[in-house]
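Enquirer: Sharing the record's features from TrEMBL:
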TRANSMEM  A:7-31  transmembrane segment
DOMAIN    A:78-269  domain 'ABC transmembrane type-1'
TRANSMEM  A:82-106  transmembrane segment
TRANSMEM  A:113-134  transmembrane segment
TRANSMEM  A:146-167  transmembrane segment
TRANSMEM  A:188-211  transmembrane segment
TRANSMEM  A:247-267  transmembrane segment
Amino acid sequence: MVENRPLATVTTHVVLILGIVFLCFPVWVALVASTHPGEALARSPIPLWFGTQAVENYTQLLTAGVPAAGGVPLATMMFNSLIMALGITLGKIAISLLSAFAIVYFRFPLRMLFFWLIFITLMLPVEVRILPTYDVIASLGMLNSYFGLIIPLIASATATFLFRQFFLTIPDELVEAARMDRAGPIRFFWDILLPLSRTNIAALFIILFIYGWNQYLWPLLITTDQDLYTIVMGIQRMVNVGEGIPIWHYTMGTAILAMIPPVLVVLAMQRLFVKGLVESEK
Amino acid sequence: MQKRVVFRHRWLPYLLLAPQIAVTLIFFIWPAYQALETSFFLEDVFGFNRTFVWFENFTALFSDGSYLRSFWTTLIFGLSVTLLSMSTALALAVAANRVLRGKMSYRTFLIWPYAVAPALAGVLWFFMMNPSLGIVAYMLESTFGVDWNHYVNGRQALLMVIVAAAWKQISYNFLFFLAGLQSMPKSLIEAAAIDGASPARRFWTICFPLLSPTTFFLLVVNLVYAFFDTFAIIHATTSGGPADATAILVYKVYSTGFVGQDYGSSAAQSVILMALVIAMTVVQFRFVERKVQY
């Protein structure tokens, strides 16, 4: 701020507070709704302060699920989401580190072809090629399995690109020194490149974890087996139960449970998250 | 850009690339090729026979009123989401860049919705706008006398998914605008202030033009988000309805293929969307290259 203008300062704070209210209000409503019995949410206006059913509702959700929507315990769904998110995250980081290393530190025939092959994937979100991708998974027998949930999503141009950019900034002297000490490429990768990339890996981990946890369409297509449902796609069945059965308190409880892990990751590792987000998009 | 010093090895680089290339070929290139191929065929309902029909699937699409309407819906949806979330985010970023006290806690409260899945954002707003018990629907009714029912009113349904999609994207835009504002040279703004330019004038003549690379980048990213990533919002809430009022193009690909079982048409729609994504990515890449130069 250049000069002192009290009025402008007040306006600034008002704008920020209004923004926060707009962003937080839906979650507040959901959180409150999840602590009431179903009947309290049957007529308008719904309560805006906490009810007394929080423990009962969440116990029911986590251990038994919502009977009207299949009755899968949310603990199972959250476990599936966790496996999927971690699988996607670790898989993406591992294969992109390797391929970025190959592209930056080696000269070999067809190098540019491979480079472009990887970058084309940047352009094609799953949503636009749903059917043929589904056919491929089906013919490989990967429907209803963790492999089917994870492997198709681990090819990532974004992560490869990020690591490539980072590797290019590492001084050549390190490679020269390593070669003078007779270190081979594997040794160089393991003892020098990997430790140097630690911060980047951590930042990327956060972004990819959120990406993996929040997958919706993919689990929707791949899983017909209830035991493999993930929480973000599982909520869709509760929404579609209809107006007749009052389960909004469960639906909102599910929404809260589904957003807790990724939101916690963002809040706990805010600095790394901002770094990861700003850098992975460049 | 290339390294001067590299390793020499006959097969190691191929081995390192193998996993990435395998996944890319099997799950990206092959399905994309399949979509391209299927889009030129007409398949009978049982899937036994298919005939090569040249561009019939495409011409059928472009003479289909509901597909053309979906184009419009997508355009309105995409532009509204982009405009709404970017303008809100810019206002918040300018404010957050100005405050001295409580900077970090404001930022914390503004960035967390990034982590909320689009599907959940949709469900939250779906609940708030539920005609019979949603809190927002209730307020609209009691304060403005608006009869809110997105189950029958297509415009209202579209507005609901626009708000939900924009809500989720504000944090993202906010972070990028804030980063852009913070990297701006202070001396320029101070010089303008000494010359007597008011804060508003300083913003419009200095900050806003200097932000234009960020703005342009966000414009493309937000359009891509609105066109493709919002599938979950629509699928989890309105399912494209009522009467296709919220059926954006990606939703159409899904409903034509999985619900309508019309594979040729769905594949043709995929191909059109792929062309759209590629065009947008090329625009973005060209822009990134230009940014690197200065």
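Here the Cβ of each residue, glycine as well, is placed from N, Cα and C on the backbone.
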Enquirer: Same chain, outside the transmembrane segment (A:7-31) by at least 6, Cβ under 8 Å from its Cβ: which residues?
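Expert: Same-chain contacts beyond the flanks: 1, 46, 48, 50, 252, 255-256, 259.
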Enquirer: Give the one range among A:82-106, A:113-134, A:188-211, A:247-267 whose Cβ atoms make the most pairs under 8 Å with those of the transmembrane segment (A:146-167).
Expert: A:82-106
Enquirer: Can you tell me which parts of the same chain pack against the transmembrane segment (A:113-134), counting only residues 6+ beyond its ends and a CB-CB cutoff under 8 A?
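Expert: Contacts of the transmembrane segment (A:113-134) (Cβ under 8 Å, skipping residues fewer than 6 from its ends): 99, 103, 152-153, 155-158, 160-161, 217-218, 221-222.
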